[in-house]
Amino acid sequence: MSELRRIPVPAKDPVTGIPAAAPKVGFVSLGCPKALVDSEQILTQLRAEGYDTAKTYEGADLVIVNTCGFIDAAVQESLDAIGEAIAANGKVIVTGCLGAKKDAAGDDIIMKIHPKVLAVTGPHAVGEVMNSVHLHLPKPHEPFFDLVPAQGIKLTPKHYAYLKISEGCNHRCSFCIIPSMRGDLVSRPIADLMLEAENLFKAGVKELLVISQDTSAYGVDVKFRSGFWNGRPVKTHMTQLVEALGQLARQYGAWVRLHYVYPYPHVDQVIPMMTGENILPYLDIPLQHAHPDVLKRMKRPASGEKNLDRIQAWRAMNPDLVIRSTFIAGFPGETEEEFEYLLDFLKEAQIDRLGCFAYSPVEGATANEIANPVPEEVREERRARVMLLQEEISAKRLQAKIGKTVRVLIDEVGAKEAIGRSAADAPEIDGVVHIKRSLVPGKKLVVGEFADVVITSADAHDLWASVA
Ligand code: SF4
């Protein structure tokens, strides 16, 4: 029996008295004192969560190897330790400096030499290591103490959930006080997001709604550093996150919907991923206005001039794309001419789903100091004009769907009809599909399941359908 020789870890905690049935993790700690501290933190977290430690490879349910990558001898010692753990146990997670090292070809050294390892992280990655442990050796469930399910407590129905990918915002839009309340952008580690998404899918979520203040900026604050998911490096970047979520959603037959996407250049790479199978062809992109001078006064991150071209290019790339946006009418200093420019933009852009708010002077917003505020009745009147125009646009776009077969996710089943949502309908903010209940056996509509329906009629907001 091979001993885990490098760090003596008691098999059982005499204080907490963790039961023998607790999952056991073997730990090999190599390298400098900084690596040792990482090991201590991981072991502390393992203990706090109810994992036990094993003295031998064979007695462990999984082995973590904390590596060193400083000099050649240390690299070799780390690679040998990983090989030994794989041979004796088979389930191995690698962390530490060697985990972050690449060879001359830019490939991950550990994965190349030991492709059987379950996950690899760099140093100082307690959270990512724990995520991998949870994935491959689920946390012991203590029914008397552990009252929180793996996916956390959710206020949404069981079949959809929000995934918040970051907090705060680096922009300073003059009408908004969010940065003063929540601070600058802080992106959540990609491994945490992927684990949360997986737990949600496992718990029955069929639609995952990605939210933040600025989804396109995900990872800017950490310089798009690489995290690890399923043993592979994944950048903290919107495109890689969407790609990884799409792959995960495919395994669970689920949808991913993107909200609060700003039209940064890399959004062009996301549009082709929106095939509708897992990443929905739905872009919630808050434009707020179209006139360049108003956008300048608003201090918006993306200028308006190119937005029309971008929208047209995206639709050419992906004709199924549904665009949702929000606008502000009557922003301080907005002239009638600037407002009409917005109406012309809306006529051209043919936004599918649109919300419009009359400007509201939030306390603390710098926009309140802008000259020539628009009187309240004019703000309201302009908002009404936008909504009237949008009603026409929306009705026309929804009419065009009549006769088409669309996939919906069922939200409710009533006595006479069921309510579903298609790729074009985010919960709470967009329209719904009213579906005539089918009496045909085998075509029963079930909450949280998908159904294919044929659109039979439409108004300016909702669709009506029967089961296909
Ligand atoms: S409105 Fe502007 S400042 Fe406010 S959260 Fe959005 S991008 Fe950031």
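From the backbone N, Cα and C atoms, a Cβ is placed for every residue, glycine too.
TrEMBL does not curate its annotations; it predicts them automatically.
Here is what TrEMBL records for this protein:
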- Cys32, Cys68, Cys97: [4Fe-4S] cluster 1 binding site (BINDING)
- Cys169, Cys173, Cys176: [4Fe-4S] cluster 2 binding site (BINDING)
- 23-138: domain 'MTTase N-terminal' (DOMAIN)
- 155-396: domain 'Radical SAM core' (DOMAIN)
- 399-468: domain 'TRAM' (DOMAIN)
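Structure with TrEMBL features highlighted.
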residue: Cys32; record: [4Fe-4S] cluster 1 binding site; DSSP (3 states): coil
residue: Cys68; record: [4Fe-4S] cluster 1 binding site; DSSP (3 states): coil
residue: Cys97; record: [4Fe-4S] cluster 1 binding site; DSSP (3 states): helix
residue: Cys169; record: [4Fe-4S] cluster 2 binding site; DSSP (3 states): coil
residue: Cys176; record: [4Fe-4S] cluster 2 binding site; DSSP (3 states): coil
Taking the mean position of the Cβ atoms of Cys169, Cys173, Cys176 as the [4Fe-4S] cluster 2 site, which residues outside that list, in the same chain, have a Cβ no more than 8 Å away, listed in sequence order? His171, Arg172, Phe175, Ile177, Ile178, Pro179, Gln213
Least buried of the binding-site residues Cys32, Cys68, Cys97, Cys169, Cys173, going by other Cβ atoms within 10 Å? Cys32
Should we count any of the binding-site residues Cys32, Cys68, Cys97, Cys173 as near ligand 1, judged by a CB under 6 A from one of its atoms, and which? Cys173
Number of Cβ atoms other than its own within 10 Å, given for Cys176 ([4Fe-4S] cluster 2 binding site): 21
Looking only at the domain 'TRAM' (399-468), how are its residues distributed among DSSP helix, strand and coil? 1 helix, 32 strand, 37 coil
May I ask which of the binding-site residues Cys32, Cys68, Cys97 is closest to Cys176 ([4Fe-4S] cluster 2 binding site) if we compare their C-alpha atoms? Cys97
Report, in whole Å, the straight Cα-to-Cα distance of Cys97 ([4Fe-4S] cluster 1 binding site) from Cys173 ([4Fe-4S] cluster 2 binding site). 40
Alpha-carbon spacing, Cys169 ([4Fe-4S] cluster 2 binding site) to Cys32 ([4Fe-4S] cluster 1 binding site), which is rounded to whole Å: 37
Is it possible to list how many residues within the domain 'MTTase N-terminal' (23-138) are helical, extended or coil according to DSSP? 53 helix, 24 strand, 39 coil
